[in-house]
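Working notes, structure below.
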Amino acid sequence: SPGCTQSCTSLSSVAPPFALGQQATDTALNIILIVVLLIIMVSLGCTKEIAETTTHLRRPKGVAVAIMAQYSIMPLTAFILGKLFQLGTPESLAILICSCCPGGNLSNIFSLALRGDMNLSIVMTACSMVLAIGLMPLLLYLYSGGLYEGNLEDKVPYKGIITSLVLMLIPCAIGIILNEKKPQYTGFITTAGMVMLLVSSAAIIVLSVANMGSCIMVIFSPSLLGSSALMLLTGFLVGYAVSAAFKLDDRCRQTMCMETGCQNVQLCSAILKVAFTPEIIGPLYFFPLLYLLFQLGEGFLLILVFQIHDRIKKANGK
């Protein structure tokens, strides 16, 4: 809207493009996201073993620790950062909703890059989505009481949660079957999935920025940049520390690190679009994209740190 170029300081004066769903770029973006998700989840399924997966389900210590970390650390961190950076109501609501979302599929990809426990990663993501049906309304009710007079807990996208769960589990099951029946092809499928991720990431970012237009500058305010970066970093570090405190092995710690920090930004975007009027939330409909960019940047940086650490350990013969 014209308000985007005239006033980037007042969020209430900036109306998000409600025709976004009708735009060709938005349609293309949705198609790319779904296709890429299906391909990547098939490739991730090829890294799983049924025996190890059932072990995590029978002894759910790692899963329980991950759920506790994600649904306690992330919302509390978002609430504290909102106070620390003195964010306004729209900004505080945006980061709070993002923090209450279940784990995203990006955590599975990062866990694979870290050579973490993929069986644990997939089980964690699936369990967090199932529990989100009850925990998201509860957390939004508890933390948004002093920020928003409406009932956010009534705006939880249950259909979106179930859809995300189906889009994750069905292709993942196909990958598991391929790994059991045709293991000679799993290496190629996994490599193709990672290549697809890298190629599609550029297209996703370009299309997302094209959808935003000039409104993109509003979400790049110093307070939102700082709170987003610190919330994600806190999730990574505390997730690793909590798993270490419970004496989980290195692969589980790396997986827990990613599962705690990464959030399902698609569900966050759905809540922001459905729950608020333009006068309340303004261009912060696009906040999930900012958090996604930080997930990619900090995630790849953390992967690099772990890779360097592993090489040093190998060089020292440990």
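Any Cβ shown, glycine's included, is placed from N, Cα and C.
The model shown is predicted, which means the values in this text are computed figures rather than measured ones.
Lifted from TrEMBL, the feature list:
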- 28-51: transmembrane segment (TRANSMEM)
- 63-81: transmembrane segment (TRANSMEM)
- 121-144: transmembrane segment (TRANSMEM)
- 156-178: transmembrane segment (TRANSMEM)
- 185-210: transmembrane segment (TRANSMEM)
- 216-246: transmembrane segment (TRANSMEM)
- 292-309: transmembrane segment (TRANSMEM)
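Across 63-81, 216-246, 292-309, stretch 63-81 shows the highest tally of CB pairs under 8 A with the transmembrane segment (121-144). Nonlocal intrachain contacts for the transmembrane segment (216-246), taken as residues 6+ away from its ends with a CB within less than 8 angstroms of a stretch CB, comprise 4, 8, 11, 14, 61-62, 65-66, 68-70, 73-74, 77-78, 81-82, 84-87, 91, 94-95, 98-99, 209, 252-254, 256-262, 282-284, 286-287, 289-291, 294-295, 298, 302.
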